[in-house]
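Annotated ATP binding site per Swiss-Prot: Gly10, Leu11, Asp12, Gly13, Ala14, Gly15, Lys16, Ser17, in sequence order.
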Amino acid sequence: MQSKFIVIEGLDGAGKSTAISFVRKYLEKNNLAAIYTREPGGTKIAEELRNLVLHNKYDEEIHSDSELLMIYAGRVQHYRNLIAPALEKGINVVSDRFYWSSMAYQGGGRGVELSKIRALNDNFLNGCEPDLVIYLDIDPILGLQRAQKVGSPDRIEKAGLEFFNRTRKVFKDLVKDLDNAIEIDAAKSIQEVEKQIYLILDKHFNFQN
């Protein structure tokens, strides 16, 4: 079976980590080897860039274009040093976020032109597209409430409600436009979300469990 690149997307507080635990459980049950990773981050250099973007300790503004380029510098490291080699070896890759998050957060939220983001993807990631994107949709107010229970808000989580409304809109537009994406209502119970994820994976891997 050809290796798969699966991405979990959604606003902060949507439950991506929980969803990934369900994907892990499913793949392990079906004896499918996989690595689990995240963005921003995924490699040592990418994690350093993540820390700079989310927890800027310097008395200097990070401009929207700079934020995008730092995230993409980390993404190139992540893709070339971890994602692509694993897929070439026949190992499935499951990632908490990928380039959709840049389209939504930097494009929708910050207002960076989406064409710039697509160009970065085409030029530096060979136009890489996940085999499957599971988008967890949640109202930004509920998502931020959930995120605040986990810990102190990071730099992006402090961006405000309108920022997240714009971000959500781009996520939902992407789901409508792409055949490899499925939306789940993340406000539903954990049990219902788990059930839906298993059904999606059954169909994707052509399994009948």
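Using the three backbone atoms N, Cα and C, a Cβ is placed for every residue, glycine included.
The structure, with features from Swiss-Prot marked on it.
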residue	record	contacts (Cβ under 8 Å, 6+ apart)
Gly10	ATP binding site	Lys16, Tyr135, Leu136, Asp137, Ile138, Gly143, Phe171, Ala186
Leu11	ATP binding site	Leu136, Ile138, Pro140, Gly143, Phe164, Thr167, Arg168, Phe171
Asp12	ATP binding site	Gly143, Leu144, Ala147, Ile156, Glu157, Phe164
Gly13	ATP binding site	Ile138, Leu142, Gly143, Leu144, Gln145, Arg146, Ala147, Val150
Ala14	ATP binding site	Leu136, Asp137, Ile138, Gly143, Arg146, Ala186
Gly15	ATP binding site	Leu136, Ile138, Arg146, Ala186, Ile190, Val193
Ser17	ATP binding site	Asp96
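Take the mean position of the Cβ atoms of Gly10, Leu11, Asp12, Gly13, Ala14, Gly15, Lys16, Ser17, the recorded ATP site; other residues of that chain with a Cβ within 8 Å of it are Leu136, Ile138, Gly143, Arg146, Ala147, Ala186. According to DSSP, Ser17 (ATP binding site) sits within a helical segment. In the shown protein chains, 22 other C-beta atoms lie within 10 A of the C-beta of Lys16 (ATP binding site).
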